[in-house]
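Here the structure is laid out as C-alpha cells; the discussion comes afterwards.
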C-alpha cells in the first residue's frame, strides 16, 4: 500500500514538473489616435485560466482606465479598426465585465496611471490559446479610449479604438516570465479545425535590413478541404532569390527576426524544398519572380496540401536575405518578418499576374515573371509529381538513342 502511494506521488510530481503551458504574444500597432506603444503577454499554465498582462504607454495621459476586448479577426487589410465583433464562441451576446457573465472577448477595464499601464494582469476563463474552438491565436486585442461601466454594462461608452494587436504564438525565451516554473513545452495554437481559414501576414523589415524598406503581404487561403493557396507580394527586395518560411512563433518582440524561432514543423520532418512530402510545415521555398516595372518587388504563388491555413494562423513568417537551397543553407538572416493573422474577407486577393510561370525552387536564381515564357524555370506544385519534368525527357532520350542506333 505504501509502495502504491509512493508511485502515485512520483507520477504526480513528474506530471506537474513537465506540465505543458500556453504562451502568446501581442505587439500593439500605432493608429492615428492614441499613440499606444507596448505589448500584451498571454499565459496559461493550467489550460483553463488565461492571464493577460498589459504593458503599454499612450498619449491619453488623462485616462485612468481603458476598455479592452478580444475581437474575432486579427487584421483587416481594408480597415485597420474593423476587426469584426467581440469574440463570443458561446453566444452570450451581452457585454459585461469579467466579474459578471460577459462575452468571451470582454476583457474589461485596464487600470492606468497617467494614461500608462504597467504589468497589469487580467484573468479570463473562456478564451484560451490552445487548439480548440475557443482559441484566440490569430485574433486581436483592441484597446479603446473609453471604459466599461461594470455596474451597468449597457451604459458603457468604450469610445474609439486607439490600438490593436494580433495574437501570435509566443516565444517564452524572449519574455520576462520566470521560466524556471515552466518546464513543459509551449502548446499554444490556433484552432486546427477552423474551417475556410484565411491568414494574412503584413511583412515589414527587420533591423538586419540595410538601405531599402521592406514591406508587403503574404496570403494563406484554403482552396478546399485539402489544398491551400499561398500568394505574396513583397517590395524592397534585392533582385535575387529569397528564402521564405513560416516560423514556429508569431512573436515579433525581437526587431532582428530571431524571436519568431525556427521553422514551423512537427516531429520527424526535415528541412527541404517543395514539393518534398517530408519537409517542414514552414518550408515554402523561395521568392524569385520579379517584375520589370517594379524590380525591387518579389512575387510568390504556390498551391499545397502539405499544411492547412488553419495551422499557420498565429505563426510567424520570414523572408531571408538569400536563397534557401534546401540544405543547411536556408537563406541567411531574416530581412522581413510578420505575424499571420486570421482575416475575414474571403474575396481578398493580392491580384498577382496569373499568366506568369511560377517557380519556388529558384535553382536558376531570380527572373522576370512577365518574361517567364523565355525562362527555363519549372513551376512547382504539390499536386504534381516532382519528377515529371525529368521523366519524359529521359524516355525521349532513350527512344532517340534506339532510333539512332538502328540507322
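Don't overthink the numbers, they just go from 1 along the chain as shown.
In case you wondered, yes, glycine gets a Cβ from its N, Cα and C as well.
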Quiz item: Looking at 367-386, 387-406, which one is transmembrane segment according to Swiss-Prot?
Solution: 387-406
Exercise. Taking Swiss-Prot at its word that 245, 247, 320 bind Cu cation, choose the one of 263, 271 listed for that site.
Key: 263
Quiz item: Long-range same-chain neighbours of residue 271 (Zn(2+) binding site), Cβ under 8 Å, sequence gap at least 6?
Solution: 263, 279, 280, 283, 326, 327, 328, 330
Quiz prompt | Around the Cβ of residue 321 (N-linked glycosylation site), the count of other Cβ atoms that are within 10 Å | solution = 19
Quiz item: Could you tell me the C-alpha distance between residue 245 (Cu cation binding site) and residue 321 (N-linked glycosylation site) in angstrom, no decimals?
Solution: 12
Quiz item: Roughly how many angstrom lie between the C-alpha atoms of residue 224 (N-linked glycosylation site) and residue 321 (N-linked glycosylation site)?
Solution: 33
Quiz item: Hey, what's the Cβ neighbour count for residue 205 (N-linked glycosylation site) at 10 Å?
Solution: 22
